[in-house]
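Worksheet: one structure, shown below.
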Amino acid sequence: MNYLIHQLLNAEEINLIKKELDKCSQQDWEDGKKTAGSHASMVKNNLQLNRNTEVSKKNAQLVTKKILSSQLIKSFSLPKKIHGIMFTKSSKNMHYGRHIDNPYMSSGRSDLSFTISLTNKDFYDGGELIIETMNTEEKFKLNPGEIILYPSSYLHAVNEVNNGERLVCVGWIESYVKSTEKREYLFDLDAGARSLLSKHGRSDELDLIFKSYSNLLRDIGE
């Protein structure tokens, strides 16, 4: 499965975000159906912070900055645009049924989807993220501050929360390379070249690999 899990936020950043979210009024938290497509809205049952609140805008900027500061995430996703960031919470009996993300949103194309956990996974029961491919189905329950990125073309769901509260940040990435398969080729090539660089230092042979990577990205990127 083509996904990446990475520690994005530290404990201090998580606590600051959660403190600001706690200050938001009940009116700031909207029915999650408001931003879902017509089909997905039929299976969506959660709350999301209004994107127009200052808390949402400020912390969306923080998340964007953190993503763009991660060499690993940039190599994996080749982000052209990070968009649609919002903070959502699911209390007891809330869930998000099996669905596919809209390919085009008002904020951009969805090539990769991401979820960042803001809650200790031991503080709620259920609420696992389910990601499906043609042959597999995997469940994920992230540690606080971890991000998972996966192709938006995958069917996915969030299991019902049985107890506690699941608080996450979600969003989408429009990539310079919209093909999942081609992104994987480039990611492997970049990872291999960087590993050789760290172990053996610069060489004429590595220059050729980095040259080929750059020209391949230039050729297939948008």
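From the backbone N, Cα and C atoms, a Cβ is placed for every residue, glycine too.
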The Fe cation site in Swiss-Prot lists HIS99, ASP101. Which one of HIS83, HIS156 belongs there according to the record?
HIS156
Restricting to the same chain and to sequence separations of six or more, state which residues have a Cβ under 8 Å from that of ARG166 (2-oxoglutarate binding site).
LYS89, SER90, MET94, THR119, TYR124, GLY127, VAL158
Could you tell me how many residues in the domain 'Fe2OG dioxygenase' (81-175) are helical, how many are strand and how many are coil under DSSP?
3 helix, 60 strand, 32 coil
Which of HIS99, HIS156, the listed binding-site residues, has fewest other Cβ atoms within 10 Å:
HIS99
Do you know the mean pLDDT across the domain 'Fe2OG dioxygenase' (81-175)?
96
